[in-house]
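Single-structure report; data block below.
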Amino acid sequence: MVDVGKWPIFTLLSPQEIASIRKACVFGTSASEALYVTDNDEVFVFGLNYSNCLGTGDNQSTLVPKKLEGLCGKKIKSLSYGSGPHVLLSTEDGVVYAWGHNGYSQLGNGTTNQGIAPVQVCTNLLIKQVVEVACGSHHSMALAADGEVFAWGYNNCGQVGSGSTANQPTPRKVTNCLHIKRVVGIACGQTSSMAVLDNGEVYGWGYNGNGQLGLGNNGNQLTPVRVAALHSVCVNQIVCGYAHTLALTDEGLLYAWGANTYGQLGTGNKNNLLSPAHIMVEKERVVEIAACHSAHTSAAKTQGGHVYMWGQCRGQSVILPHLTHFSCTDDVFACFATPAVSWRLLSVEHEDFLTVAESLKKEFDSPETADLKFRIDGKYIHVHKAVLKIRCEHFRSMFQSYWNEDMKEVIEIDQFSYPVYRAFLQYLYTDTVDLPPEDAIGLLDLATSYCENRLKKLCQHIIKRGITVENAFSLFSAAVRYDAEDLEEFCFKFCINHLTEVTQTAAFWQMDGPLLKEFIAKASKCGAFKN
């Protein structure tokens, strides 16, 4: 859970103000500005206000939070900031707002006048639903829901991707190699830009003096170029530091390239890399990576919840990933980055009181208050009939009819394993699933049998994070068997992206004939067997 109190600037707020925060961002050259959103969707800013980056309509700094009336109720979804700084955000409705430093037209309004208050960015974006924004030092990018990318602002190294080095005063669609391709993620270094496609390909453009584009050379690129060295993997997340880049694949593999003055690549030395290198090879599967164009710090979180950091950490050069005691990558930047900015828009949850949901969670498997027990594999799980009836249609029918189970104090379960059934009952109390990927297939089977559609989605999410070349086809088969369409499509795409390796696994050849034929036919339709 993110604790905004780890950022020094938030010590200016009262406990009541801290308790109201649901989203937040710390930015600025000295981490001296902050924006936060409260639980009733009011937006506040405070801090130094350099270059009017607070958007308050004046150039006055403030230690007391000021409300940005124009953004209240807008439901901020994505936020980024530059070095000026300028601030860029998009709302859940896909609308983009910008303010602050504008010396290079990075606000996208066609001028170089500083923006003293949030103003909607309209040119070429008015009819687009923007789902993500990203900022370099003085350039901006926006990703639309249809996969198109727009860029504007400072373009001295080609970071706008227009094919020239002329500054771009308004949003311009990035084309060339990205034409008719669908981008699903964007990131900016100081003067470089990166994009991830829906098929896992990675493209980069802009400044490449440190090899941060991963192209095997250090020549600047005025238009997007594919990172060919990653052709054998499928990337699903990319982040940029000041002059380095990290990429995370769908198999949980982490790659790094670019500047390495502070060890931010995690390779064990300080040599720059012009091409991607696989790091954290001996660690467990990585599920999240973090970096920020303002800093030379890198962080990663593994499937087991372990958080690692490396690079510039409080003045030290950490050249290998170092295991921390943090629970999230955000804490690394709060405590060790220079400046101590946030690498993304923070989402905050609070535990300052016991909610109804938390009370229910506390009573799961509590013999003191339970009125029913399940016995699975000789082990007992204590539950409450009322909770089961409220949360599950299957149990509502069981306890409101003439089923024999309605009169029992102990119910035997033999069709599911203890870990699976316990995870299911715990889900009814907590609305979350705590189960390793290898057991999630059994829970997916249970969710299908009990018609628990939301639980099916949670199982699919867990399974997706645990997919590997070895189990991909088995998971595809399970998805088909349990009518999990989203998981089926995900597993199918994974198999296609790793077709050679998947077809050499035992799971592939152990599949029954009809399913194998169906897979081959579908793969053929999407061009998997083209020369």
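Glycine is no exception: its Cβ is also placed from the backbone N, Cα and C atoms.
Feature annotation from Swiss-Prot assigns repeat 'RCC1 1' to 40-91. According to Swiss-Prot, the feature repeat 'RCC1 2' maps to 93-145. Among the features that Swiss-Prot reports, repeat 'RCC1 3' is placed at 147-198. According to Swiss-Prot, the feature repeat 'RCC1 4' maps to 199-250. The annotation repeat 'RCC1 5' is assigned in Swiss-Prot to 252-302. Sequence annotations record features per position, and here Swiss-Prot assigns repeat 'RCC1 6' to 304-356. Sequence annotations record features per position, and here Swiss-Prot assigns domain 'BTB 1' to 370-437 based on sequence analysis. Taken from Swiss-Prot, the feature domain 'BTB 2' applies to 470-499.
For the repeat 'RCC1 3' (147-198), the DSSP counts in helix, strand and coil order read 3 helix, 23 strand, 26 coil. Under 8 Å from some Cβ of the domain 'BTB 2' (470-499) lie the Cβ atoms of residues 199-200, 234, 250, 441, 444-445, 447-448, 456-457, 459-460, 463-464, 505, 507-508, 511, 515, 518-519, 522-523, 526, 528, all in the same chain and six or more residues away from its ends. In the predicted model, the repeat 'RCC1 6' (304-356) shows an average pLDDT of 93.
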